[in-house]
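Heads up, the thing below is written out as structure tokens.
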Amino acid sequence: MMEILRGSPALSAFRINKLLARFQAARLPVHNIYAEYVHFADLNAPLNDDEHAQLERLLKYGPALASHAPQGKLLLVTPRPGTISPWSSKATDIAHNCGLQQVNRLERGVAYYIEAGTLTNEQWQQVTAELHDRMMETVFFALDDAEQLFAHHQPTPVTSVDLLGQGRQALIDANLRLGLALAEDEIDYLQDAFTKLGRNPNDIELYMFAQANSEHCRHKIFNADWIIDGEQQPKSLFKMIKNTFETTPDHVLSAYKDNAAVMEGSEVGRYFADHETGRYDFHQEPAHILMKVETHNHPTAISPWPGAATGSGGEIRDEGATGRGAKPKAGLVGFSVSNLRIPGFEQPWEEDFGKPERIVTALDIMTEGPLGGAAFNNEFGRPALNGYFRTYEEKVNSHNGEELRGYHKPIMLAGGIGNIRADHVQKGEINVGAKLVVLGGPAMNIGLGGGAASSMASGQSDADLDFASVQRDNPEMERRCQEVIDRCWQLGDANPILFIHDVGAGGLSNAMPELVSDGGRGGKFELRDILSDEPGMSPLEIWCNESQERYVLAVAADQLPLFDELCKRERAPYAVIGEATEELHLSLHDRHFDNQPIDLPLDVLLGKTPKMTRDVQTLKAKGDALAREGITIADAVKRVLHLPTVAEKTFLVTIGDRSVTGMVARDQMVGPWQVPVANCAVTTASLDSYYGEAMAIGERAPVALLDFAASARLAVGEALTNIAATQIGDIKRIKLSANWMAAAGHPGEDAGLYEAVKAVGEELCPALGLTIPVGKDSMSMKTRWQEGNEEREMTSPLSLVISAFARVEDVRHTITPQLSTEDNALLLIDLGKGNNALGATALAQVYRQLGDKPADVRDVAQLKGFYDAIQALVAQRKLLAYHDRSDGGLLVTLAEMAFAGHCGIDADIATLGDDRLAALFSEELGAVIQVRAADREAVEAVLAQHGLADCVHYVGQAVSGDRFVITANGQTVFSESRTTLRVWWAETTWQMQRLRDNPECADQEHQAKSNDADPGLNVKLSFDINEDVAAPFIATGARPKVAVLREQGVNSHVEMAAAFHRAGFDAIDVHMSDLLAGRTGLEGFHVLVACGGFSYGDVLGAGEGWAKSILFNDRVRDEFATFFHRPQTLALGVCNGCQMMSNLRELIPGSELWPRFVRNTSDRFEARFSLVEVTQSPSLLLQGMVGSQMPIAVSHGEGRVEVRDAAHLAALESKGLVALRYVDNFGKVTETYPANPNGSPNGITAVTTESGRVTIMMPHPERVFRTVSNSWHPENWGEDGPWMRIFRNARKQLG
């Protein structure tokens, strides 16, 4: 039976206005829209009155709901029948954890009530198209129609393909019907294999073969033999990449054989809880570094949010599934798309060349895709610290003559670093009889054929197959699985995981054969033991679907009880679906039909399938010299600053959490004005050291339209000039990931790919001492479509993205582009040796040209000398600022440095040659460094020692004020206000934020950037930052216990425990499942802290599901009530813990006036480094800090204080219960965005009880208790930041 329950409004006023404006633009007479959430409960038994009231209360969340009788025609948008949304999975979990076992499943839709004039059927179709994503949702016209969401179907049996009867044609038909993308020789191979076996193949076997042997999984092109211009080549592409490892194996612990590569890290204190006692402590050991970079291009072109989200999720799983289990740590992301053409902000170079119907626009990708990737990282709890964004779409005269080149098939890059224990780097042995386990969520009928689909050029496969290959994301489930993996590796030698892989393309059909084969075993499996939420799925759908957030593991049979215990505690679903066999054979039994859908020797599936040979021709690039008529420097500057590749990226940065883990030493945002221009990302290796890890990206794809090899060399060079900004030491410490994107088969591209791989793998990297131990390729970067009567295709440039990773000696020695205006000198190190080529630059692009001669690595020895010289200067503390020269050239380098320093520039380019345009806009490799004027001679001497004397040019100095002036020989070349340039640079971000978020907030942020008087972040402390008020109490040796409370989806508990640990507490890991099961109580604890994250993925309101699982469970409710009423206790709730505790008002004495916390005014997750003021309040944790103003990490989507009315707000303030407020950089309490990131009235962001014993706050003090984890800080701070005082106050209070 199905119950229908109304929910809160689904759209804010500005979202409704945006929709109405879209309808008006489409000439649809829609006058009014009202939208609200509707919940559907599928029940297995009726609810009594109390249970019904409980369910209603559970589904009451979000902003307060005014009573409303909807008017107009109903359009009900729900998930597609036959799919289960992540919302449903998490909401159903909450219902069960609150004791509502009669609920089979909860699902949610949005009911749109449309008031409109007379609309034709076609116009109604336009309206429904605007309201839903056809890839993931459907539209019903009555609430009762939602019954279809819960329809159960009978299982369907396996189907066989009549090869023996119909011969080869049967395979050809199956290839088309199932979208297998099999090549002719593979069809021959299968015909031969099954004829020898004397039986017909089943559909599931063919599907499994196609996935396991797709280009996506097998990398056939990279392993192929090559004939170029009739000449046999000595090496495959992959062999040339491996050459870098053979030449420089130093510091690499694992390459080419696992889900990620591993290099040596530092010996540090890894901080985690003991399995037996739950007590957190430091464990001194090597934290080796793993690295991986993936792409998820095809799904992102079809449906950007889930495409990018599952791209990030899959890469995170690769890291976790390295060795015998590892810990993902920090992420990077990248996008290459065609021109944005932002409505009302179209740029002169952006022509509309059309696109295929089935893929979305570049604007849609950049609106939704980054949100999907960020949302996954945020909810999983991994900071996203690095990225790139390029737009390119033009008709150019390249290798194949004049043709369309651009990114209709986008690049969506997802990568990152993690840490792994030394004894877990290598996979273990799989013994015969080992249990084969799937860890993670249930099988769902989604993402079928992603491996094969992404191996085709967009436009080749059937639209329905595209539809089937889109995946869904549930990061909170992946977090639970990762917690299990963490518990396993933390056991050291007792780790129950022998072998682990993630489930990605091809689902279990790819992952399980790979697992057993890599372990030297076969496997026998039971289909019906696989967890599944959809009983009507066929064997093929159960075995081959790409449901995300799953891992496959081999666990020794005697370790299964331990593994089961860990999974139950973390609430991570798992199933034992088979066991390892001696015989190298794969069998899958189906209990329901009592048959064998799969019965194959492993070598048929993974054996010597036909090897590819590429017989290709070289084409010479045409190109045309840059036509300069009509190009003025002033016009060029504005255009280049508007090019998205160059322009400010704030709209891509602030949506992503950059402080979670408490180990982020350098995020994208630089300095007191928080400008996104960092050279590289840096994390600390642990919560107790200054060792660390760095990541940086290099990418120059348009250059490949003129010179394939130069483009690849520049990508390596740029990654190097970016990562050089931190203290690494020997260049051999740097390891690269190479991600290759190409349109294989397009004239000239294959030979170009070979040339580019050779340039990097055989020549440049070995000469520099660099290794590429990991990478990925995507070989179908082309789209085809019909535009009117014309057949069109858009081919991407050959694109190499290099991600550089390194161990860092001291994270405090990371240099940013932030300029200082004291006596200084700016030096350009020009590795282009004065060539100043303008081919394939930003300048050429904004004037719709390609040019003819591009930049290149002019001298490998000088590039190496450059890196060594910068490292020497970093170690000697001689650099005040550093920024590499890249897209936009020297002009953009200087401008970004001036933005970060909020200062003027007085530059002189007289020594850079007579061609001023080329001097300013050439993108040759190099960097601008700022040094003290007194150090200039010594610095130039270091540069000369490294062979760079002829590359160094004095180009002026940074000055206070707002003028940005470039001269040569006394003549002004360019002069403008820095503020004007800053505004131009910000306009792309502003327009994207206006489109995507609340336009009022976007306008306020843009306006703030034009305020030259803004003093930036600043600090005013009312206490001595170096005083440790807890020291006398720590000296007694007594360590009171703090319960570090987490629920499924919480992700900030480790850094919270570390902050309390430093203040003299014993921090104990307490999971809600421990309390609910009665394994742990709160009676032994002095302090309770509820941590940040996304409990239940924030469904049913942020923190509300967590709170209700306490309130609706009598024993646990009593446990909390008793704790809060005990006089000697303290409690702290941060972020998600704050939201949760604000819903426990009925249990917490003196909290009656507390507000609720709801959706931010911007309607967006906000990650900011915000200034707050400590106000006079009873809070015991903030004693002695009143009047202080200091920055703090903020990361939330629902942090806006909601009060009942003005009287409620007045009472809250008059009682003095407000503990922290947001202030602007002038120290004034503010409601203006983004200084107030959520729009809370009067800047309120923390409240306390009348006794001051319980304090809840939205910002994160635990993420910035160490100075080094602050995005910016005054130089005189020591090891501890000012927020450490909160934790020491707690220790002082307990005496």
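From the backbone N, Cα and C atoms, a Cβ is placed for every residue, glycine too.
Feature list (source: Swiss-Prot):
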- Cys1135: active site, nucleophile (ACT_SITE)
- His1260: active site (ACT_SITE)
- Glu1262: active site (ACT_SITE)
- Gly307, Ala308, Ala309, Thr310, Gly311, Ser312, Gly313, Gly314, Glu315, Ile316, Arg317, Asp318, Ala678, Ser886: ATP binding site (BINDING)
- Glu718, Asn722, Asp884: Mg(2+) binding site (BINDING)
- 1042-1295: domain 'Glutamine amidotransferase type-1' (DOMAIN)
- 305-327: region 'Disordered' (REGION)
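Sequence features annotated in Swiss-Prot and their locations in the structure.
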| residue | record | CB count, 10 Å |
| --- | --- | --- |
| Gly307 | ATP binding site | 29 |
| Ala309 | ATP binding site | 32 |
| Gly311 | ATP binding site | 27 |
| Gly313 | ATP binding site | 29 |
| Glu315 | ATP binding site | 31 |
| Arg317 | ATP binding site | 30 |
| Ala678 | ATP binding site | 27 |
| Asn722 | Mg(2+) binding site | 26 |
| Asp884 | Mg(2+) binding site | 26 |
| Glu1262 | active site | 30 |
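Residue pair Cys1135 (active site, nucleophile) / His1260 (active site) shows a Cα separation of 7 Å. Geometry remark: Ala309 (ATP binding site) versus Glu718 (Mg(2+) binding site), CA distance 27 Å.
When the Cα of Glu718 (Mg(2+) binding site) is compared against those of the recorded positions Gly313, Glu315, Arg317, His1260, Glu1262, the shortest separation belongs to Glu315.
Checked against Glu1262 (active site) by C-alpha proximity, the binding-site residues Gly313, Glu315, Arg317, Ala678, Asp884 yield Ala678 as the nearest.
Here the domain 'Glutamine amidotransferase type-1' (1042-1295) has a mean pLDDT of 98 out of 100. The region 'Disordered' (305-327): residue composition by secondary structure is 16 helix, 1 strand, 6 coil, according to DSSP. Straight-line distance linking the Cα atoms of Gly307 (ATP binding site) and Asn722 (Mg(2+) binding site), rounded to a whole number, equals 28 Å. A separation of roughly 31 Å, to the nearest angstrom, links the Cα atoms of Gly313 (ATP binding site) and Asp884 (Mg(2+) binding site). Under a cutoff of 8 A between CB atoms, and with a sequence separation of 6+ in the same chain, the neighbours of His1260 (active site) are Ser659, Ser1052, Gly1092, Val1134, Cys1135, Ile1192, Ala1193, Val1194, Ser1195. In this structure, Ala678 (ATP binding site) belongs to neither helix nor strand by DSSP; it is coil. In the three-state DSSP assignment, the secondary structure recorded for Asn722 (Mg(2+) binding site) is helix. If you check the binding-site residues Gly311, Glu315, Arg317 against Asn722 (Mg(2+) binding site), none has a Cα inside 10 Å of its Cα. Listed recorded positions: Glu718, Cys1135. The one with the lowest count of other Cβ atoms within 10 Å of its Cβ is Glu718. On the backbone, the CA of Asp884 (Mg(2+) binding site) and the CA of Gly311 (ATP binding site) stand 29 Å apart. One way to see the shell of the Mg(2+) site is to take the Cβ centroid of Glu718, Asn722, Asp884; the remaining same-chain residues with a Cβ within 8 Å of it are Asn679, Ala696, Gly698, Gly717, Ala719, Leu720, Thr721, Ile723, Ala724, Ser886, Leu925, Ala927. Mapped onto three states, the DSSP output places Glu1262 (active site) in helix. When the record's ATP-binding residues Gly307, Ala308, Ala309, Thr310, Gly311, Ser312, Gly313, Gly314, Glu315, Ile316, Arg317, Asp318, Ala678, Ser886 are compared pairwise by CA position, the greatest distance found is 32 Å.
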